[in-house]
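K.L.:
Just passing along the structure, written as structure tokens.
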Amino acid sequence: MNKLALYCRPGFEKEVAAEITDQASHLGVFGFARVQDNSGYVIFECYQPDEADRLARDIPFNRLIFARQMIVISDLLEDLDPADRISPIVAAFEELSQQVNFAQSSELFVETADTNEAKELSTFCRKFTVPLRQALKKQGWLSAKASQKCGQFLHCFFVKPNCCYVGYSYVDNHSSHFMGIPRLKFPADAPSRSTLKLEEAILTFIPRKEENKRLNENMIGVDLGACPGGWTYQLVKRGLFVYAVDHGKMAANLHDTGRIEHCAEDGFKFQPPKRKKVDWLVCDMVEQPSRISSLIGKWLLNGWCRETIFNLKLPMKKRYQEVILCLENLAVMLAEQNLNFEIQAKHLYHDREEITVHIALKP
């Protein structure tokens, strides 16, 4: 067990490779990443046996920016017989189970990468899931409750119709979504599809049990670069009153809620109204990431907001390095003022050439 598979958006394999290499080295684990451009996944192979399992336990998954999922995997199973794919797959799981007790496993995902080529396998994967699940249950696996906070999900990751990896992820340190992708429905009354970015960000960064406490009708939000209102929509839906800052027009149905004030101003120059306590700042402006991170830092340092979600548009080259630089600069700015804070960042499914960042100031 010396390999990890990490899923990602196609085109971001090099960023995942750089990130997992960095994270592993911080734990004293060394290896190399196998990268195929636009494949939608990366294989990280550790030099020492059993270290992939350690990484899957000890690298906080919510701290990985570019990976959608992290699983410990077998060697590639090749040339599977179409008449009996299940037997060698079960045998591979049995080999893994010599090191990890699958009695606590609760779910099976038969997956592919998020590419057009791999999606041609999606129908097969869906049909293959039922017989494979039955075969694994005969081994005494997949019997735990899905709601438990320990144990594993089992994964069968097909890269071709006759080639797959088998593996597992830890329930307390993975994405619970199939293929690492949350399935969100576009609201019919939302002004733009960008609304799904903020919805996914809230689901990713804010624990469900805390959402009503941290986003509610007693709060005020500011949306910089708000037009036509995709992000404002998500705040208003949760009851916030929102100052929507943009020279462009906002959607009429948002005005109809009585929960927004349109401020036709430059997002970089806008300041919150005096005597108004702003709880949330959101920002999805197309601008250099260093300029956006400086703007967010100004809001936090001035005490203009307590919590923020914003996008950083990525450059064409050195994307991982630019992200780390921006996040480190923000952390230094806040630490120098003795502020207690938490930073999270993720390349969300609904992001493209950008990442989404969440910062919360703590008491």
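Placement of Cβ uses the backbone N, Cα and C atoms for every residue, glycine included.
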K.L.:
In Swiss-Prot, C227, P228, G229, G230, D246, D266, D284 are given as binding S-adenosyl-L-methionine, so which of S176, S194, S293, S294 is in that site too?
P.N.:
S194
K.L.:
I'd like to know which of the binding-site residues P228, G229, G230 has the most other Cβ atoms within 10 Å of its Cβ.
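P.N.:
Buried the deepest by this measure is G229.
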K.L.:
Please report the Cα separation of K313 (active site, proton acceptor) and D284 (S-adenosyl-L-methionine binding site) in Å, rounded to an integer.
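P.N.:
K313 (active site, proton acceptor) and D284 (S-adenosyl-L-methionine binding site) have their Cα atoms 9 Å apart.
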K.L.:
In sequence order, what residues of the same chain, 6+ apart, have a Cβ less than 8 Å from the Cβ of D266 (S-adenosyl-L-methionine binding site)?
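P.N.:
Same-chain residues close to D266 (S-adenosyl-L-methionine binding site) (Cβ under 8 Å, separated by 6 or more) are H247.
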